[in-house]
Amino acid sequence: MDLERLSPRNPVKKESWWTVLTLAYQSLGVVYGDLATSPLYVYKSTFAEDITHSETNEEIFGVLSLIFWTLTLIPLVKYVFIVLRADDNGEGGTFALYSLLCRHARISSLPNFQLADEDLSEYKKNSGENPMRLKVPGWSLKNTLEKHKFLQNMLLVLALIGTCMVIGDGVLTPAISVFSAVSGLELSMSKQQHQYVEVPVVCAILILLFSLQHYGTHRLGFVFAPIVLAWLLCISTIGVYNIFHWNPHVYKALSPYYIYKFLKKTRKRGWMSLGGILLCITGSEAMFADLGHFTQLSIQIAFTFAVYPSLILAYMGQAAYLSKHHVLQSDYRIGFYVSVPEQIRWPVLAIAILAAVVGSQAIITGTFSIIKQCTSLGCFPKVKIVHTSSRMHGQIYIPEINWTLMLLCLAVTVGFRDTKHISNASGLAVITVMLVTTCLMSLVIVLCWRKSSLYALAFIFFFGTIEVLYFSASLIKFLEGAWVPVALSFIFLLIMYVWHYGTLKRYEFDVQNKVSINWLLTLFGSSNLGIVRVHGIGVINTELVSGIPAIFSHFITNLPAFHQVVVFLCVKSVPVPHVKPEERFLVGRVGPKEYRLYRCIARYGYRDVHKDDVEFENDLICSIAEFIRSDKPLNYSPDPENESGINERLTVVAASSSNLEGVQIYEDDGSDKQEPSSSSEVIMVAPSPRFKKRVRFVLPESARIDRSAEEELTELTEAREAGMAFIMGHSYVRAKSGSSVMKKIAINFGYDFLRRNSRGPCYGLSTPHASTLEVGMVYIV
């Protein structure tokens, strides 16, 4: 299932109906697996203990009415028709909403923000709109957010809470989905046998599921959609059969009047049972979170014309069967499989297990994606990210997270041993994410859509009231399983916030202790300091977008030598999902031209994939060569903190892999196997006996460069032949004396523990390990 090929991010003017329908079909397997399997456990969880099924049928009809209107109002109205429109350049999810708010309110959790970042083509959605059209409440809200750091932190914490609950759902969804699917075995064996078989079978399936993650889903992705489609056809067909066979008048229960009768009769018990009913919308958030792989129209079509009617028919069919079967042999027989005709139970069981695995797979890969986004935005320690597909950028695998999820999932399964407690936990996680989305959407309506605050108030009041009602019913089950997502979210939130706090403090230290450019120019201009310049290119990795990092002076102090070409490289994330390759690099000079000092800023979106080290090196060198050739600052921002008064002018330079009309680089071992076109101008040097590699820059046919630029390119060629060395800081952060106890605990213990147990500073920066030198420094923050 090649989602990348049909992705709306590709430069297609308008998707054809065939493309839209194909995407809608594929979305069944990626987006709706979790939502489609909810009929397996909704009725069973609802009637677990709070309410009982009586001969009046008021309970079963009231529950059916609640399910119908919940499915209609939350997934259909809220998500399909409203929330899906709040995409971040085609991307969805909690971080997409947070990113939109950060850009429109000009706030950011990323410390190294630049005004030049606002020139990115994806930075402003609907950039043609006049910002003066923002209404008075919008201006007031925008100014309030910009002025108060506390509110910015609260907005970040709110987004992180939603993210942590999604991670918690990644633990609970596989457990409850597989548990409910396997529960069909209870009808073919005694209760004594069943209690010894069910848990081991569930654990075996879960272990197999998590063990296969490193292979990636692209190899089996093509069967996901057929499995979910077969499941939807199965439950809808069984539903239609049960409706006509047992109770054709069950449709009357769709009236809201039955909700009133249900709550009037059951009162507090009915309210407490809402925690089971809300499971009918579990997986709805995936419609928005997975928007980046599809289009709004394809997801809307798939839900409106396939998923929604199938689920309604399935729930109506179960209610029709139960309305004629009031005396059940055992408590656990209120469930999905009891309404399945006995002749087809085994095939349905097989399809249900496959559908549960597909639904679990979707939430697991979604958890991987969220962790990657958090890492990109500096809110999670660096972890190993493996790209399992060269064609589909979203297919990733994170070993540490995978095994952690598996252990937690097995612990939940073995610890609870039934769906009642797991459903209580899953319900709280699901409704919390939806509440966070509702809160963020109300801000998006005012700040991004520039609507009246009345629309935002109406949105948060209507949907917030429904969700708060479900949230309260889930929270009351805190001691009966609902504590699990709270505990998991608290742990992950603590990890994220401590890491983010430590990262900010480390950056503040870098800013306060950066070296004066005058010192650097004096160092380069003096011949009496014993500083030796060696062949090659020295790349100084730093998070600073201006100034000279302290690690460079620390390096020079201990090793008085530097390369003939020095590049201060900053690889940073920006609050957009993707940065176009032609806008990736910002290149400028540091000091006079003859010193061969450059600054290069590589910008990535929170969903971008970092290139491998060889391609990144070539793009970096070609961007500098293109800057030398053009030497005309296009988009630049002066550095207000420059202590020498020399402005660093930064030019947007396209990566060589995407700019065929720019400077191209050719490298070989001197055997002339690959010769550039004779119509292009070639900058090269005579083969040197010291270096085996030969480097040539091929300029565009129309390129005209002066003598000094040609000399500079020649020197860059010589330096590239000599090789590149990457120098980066390895920080040891400590709280300064006099800090509060909480700060000392957070920095000296929390952040230090996370730093020591996460990937090193060079990981994920597209730098070759063999050419990397780490400079240790102690940061007193």
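Along the chain as shown, the residues are counted starting at 1.
Placement of Cβ uses the backbone N, Cα and C atoms for every residue, glycine included.
Predicted, not measured: the structure shown is a model, and the values here were computed from it.
Taking the Cβ of Asn424 (N-linked glycosylation site) as reference, residues of its chain lying under 8 Å away and at least six apart in sequence are, in sequence order, Ser45, Gly275, Ser474, Lys477, Glu480, Gly481, Ala482. Per Swiss-Prot, N-linked glycosylation site is recorded for Asn424.
The topological domain 'Cytoplasmic' annotation in Swiss-Prot covers 1-16 (among others), and the record cites sequence analysis as its basis.
Taken together, the residues in the topological domain 'Extracellular' (38-62) have a mean pLDDT of 82 on the 0 to 100 scale. As annotated by Swiss-Prot, topological domain 'Extracellular' applies to 38-62 (among others).
If you look up Swiss-Prot, you'll see 84-155 (among others) marked as topological domain 'Cytoplasmic', on the strength of sequence analysis.
For 177-195 (among others), the entry in Swiss-Prot reads topological domain 'Extracellular'.
Taken from Swiss-Prot, the feature topological domain 'Extracellular' applies to 241-273 (among others), supported by sequence analysis. For the topological domain 'Extracellular' (241-273), the residues of the chain that approach it from at least six positions outside its boundaries are 46-47, 50-51, 58-66, 68-69, 313, 316-321, 323-324, 339, 341, 469, 472-473, 476-477, judged by C-beta separation under 8 angstroms.
If you look up Swiss-Prot, you'll see 318-347 (among others) marked as topological domain 'Extracellular', on the strength of sequence analysis.
Sequence annotations record features per position, and here Swiss-Prot assigns topological domain 'Cytoplasmic' to 369-395 (among others).
Taken from Swiss-Prot, the feature topological domain 'Extracellular' applies to 417-426 (among others), supported by sequence analysis. Beyond the ends of the topological domain 'Extracellular' (417-426), by six or more residues, the same chain brings 41, 44-45, 48-49, 169, 172-173, 175-176, 179-180, 183, 199, 275-276, 279, 282, 474, 477, 480-485 to within a C-beta distance below 8 angstroms of the stretch.
What Swiss-Prot records for 448-455 (among others) is topological domain 'Cytoplasmic'.
Annotation comment: Swiss-Prot describes 499-781 (among others) as topological domain 'Cytoplasmic'.
The transmembrane segment annotation in Swiss-Prot covers 17-37 (among others).
The transmembrane segment annotation in Swiss-Prot covers 63-83 (among others). Within the chain, the transmembrane segment (63-83) has long-range Cβ neighbours (under 8 A, six or more residues past its boundaries) at 35, 42-43, 46-47, 51, 250, 253-259, 262, 273-274, 277-278, 280-281, 284-285, 287-288, 299-300, 303-304, 308, 311-312, 315-316, 319, 434, 437-438, 441, 459, 463, 466-467.
Annotation source Swiss-Prot lists transmembrane segment at 156-176 (among others), citing sequence analysis. Within its own chain, the transmembrane segment (156-176) is flanked in space by residues 34, 41, 94-95, 97-98, 109, 202, 206, 209, 282-283, 285, 289, 359-360, 363-364, 366-367, 370-371, 374, 379, 405, 408-409, 412-413, 419, 422-423, 425-426, 429-430, 432-433, 436-437, 439-440, 484-485, 488-490, 492-493, 496-497, 500, which lie at least six positions past its ends and keep a Cβ under 8 Å from the stretch.
What Swiss-Prot records for 196-216 (among others) is transmembrane segment.
Per Swiss-Prot, transmembrane segment is recorded for 220-240 (among others).
Below 8 A, the CB atoms of the transmembrane segment (297-317) and the transmembrane segment (220-240) form 3+ pairs separated by six or more positions in the chain. Here the listed stretches are 196-216, 220-240, 478-498, and the one with the most C-beta pairs under 8 angstroms to the transmembrane segment (17-37) is 220-240. Of the candidate ranges 196-216, 220-240, 274-294, 427-447, 427-447 contributes the most Cβ pairs within a distance under 8 Å of the transmembrane segment (456-476). In summary, the transmembrane segment (348-368) lies against the transmembrane segment (196-216): three or more C-beta pairs, each 6 or more positions apart in sequence, are under 8 Å. Among residues of the same chain six or more beyond the transmembrane segment (427-447), those with a C-beta under 8 A of the stretch's C-beta atoms are 45, 74, 78, 82-83, 86, 94, 97-98, 100-101, 104-105, 134-135, 137-138, 141-142, 158-159, 161-162, 165-166, 168-169, 172, 275-276, 278-279, 281-282, 284-285, 288, 453, 455-457, 459-460, 463-464, 467-468, 470-471, 474-475, 477, 482, 485-486, 489. Sequence-distant contacts of the transmembrane segment (478-498) (same chain, at least 6 residues past either end, Cβ-Cβ under 8 Å): 157, 160-161, 163-165, 167-169, 171-172, 275, 374, 379-381, 408, 412, 416, 420-429, 432, 746, 750-751, 754. According to DSSP, Asn424 (N-linked glycosylation site) is assigned to a helical segment. Residues 176-177, 179-181, 183, 235, 250, 252-253, 258-259, 261-263, 265-266, 269-270, 272-273, 275-277, 279-283, 311, 314-315, 318-319, 322-323, 326, 328, 332, 334-336, 352, 356, 419-420, 423-424, 427 of the same chain lie 6 or more positions beyond the ends of the topological domain 'Extracellular' (38-62) yet place their CB under 8 Å from a CB of it.
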